[in-house]
Protein chains: 2
Amino acid sequence: MFKEWEKLSQGSAIALDEYLSVLKYNEQGLIPAIAQQHDTGEVLMMAWMNEQSIRETLKEGQVCYWSRSRQTYWRKGESSGHRQRLVSMRADCDGDTLLLLVDQQGAACHTNRRDCFYFEVQQEQVVVLNDVDSGLA
Amino acid sequence: MFKEWEKLSQGSAIALDEYLSVLKYNEQGLIPAIAQQHDTGEVLMMAWMNEQSIRETLKEGQVCYWSRSRQTYWRKGESSGHRQRLVSMRADCDGDTLLLLVDQQGAACHTNRRDCFYFEVQQEQVVVLNDVDSGLA
């Protein structure tokens, strides 16, 4: 389907149920979802969703992932308060990755850094860019 | 290792070889890599790397992925000319995702849209945001 859909012009629409049924989930039924702060463009984190967590996120407007380590739904911020309000959900050309534009409250990372990408991989070494708790208001 | 490393303070350094040896590659030896335009913040695409393509990308300064469909190294832009110059490579808190800050020449998407995330997933439908070839200069 994605080969056909890639020719569609701006404004064309596909029914949600059809679209979600052909997204390319992996063997565990999961698809990677990148979370980006909608106004600043910061890439905050990447996690995984299944079809049910996609539907819940669209319905509730709060991001719900699937936790691979805990094997359960992970309503971001439920315990930490660092919730992600969904602004817009996007999918890519071949339907194997999601991009979530969100409004992140506080720190996205469990270390309380603003985002999870705090290691810079250089030629000979990897450097830590931010301190623990640096993403707290 | 990542549990220990998450407490490291800003400016701490880890040797590259050690770091790359503990990154969490999947069963195929691959790790997802998000490409983001370094100055505008646009999320352009997501693709996959293995350890060798990470090392080549760091050495050459041009992004090299592993193509899962073609099962070969994929030097972005080699045929299209739409190359990605690496500005900075990041890795996340638990070492299972890379973020590449790049300078993208032309379109990142094979449809010649600027980025691959041109489907907006709404409540009832999915809407195409951009036309084919809209990312060509």
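Backbone N, Cα and C atoms are what each Cβ position is placed from, and that goes for glycine too.
TrEMBL lists A:45-118 with the feature domain 'Phosphoribosyl-AMP cyclohydrolase'.
Take the CB of A:ASP92 (Mg(2+) binding site) and look out to 10 A: across all protein chains shown you find 23 other CB atoms. Following the DSSP three-state reduction, the secondary structure of A:ASP92 (Mg(2+) binding site) is coil. The Mg(2+) binding site annotation in TrEMBL covers A:ASP92, A:ASP94, A:ASP96.
Secondary structure at A:CYS109 (Zn(2+) binding site), as computed by DSSP, is coil. Proximity of A:CYS109 (Zn(2+) binding site) to non-local residues of its own chain (separation of 6 or more, Cβ distance below 8 Å) is seen for A:LEU44, A:MET45, A:ASP115, A:CYS116, A:TYR118, A:GLY135, given in sequence order. According to TrEMBL, the Zn(2+) binding site annotation covers A:CYS93, A:CYS109, A:CYS116.
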When a 10 Å sphere is centred on the Cβ of A:ASP96 (Mg(2+) binding site), how many other Cβ atoms does it contain?
-> 19
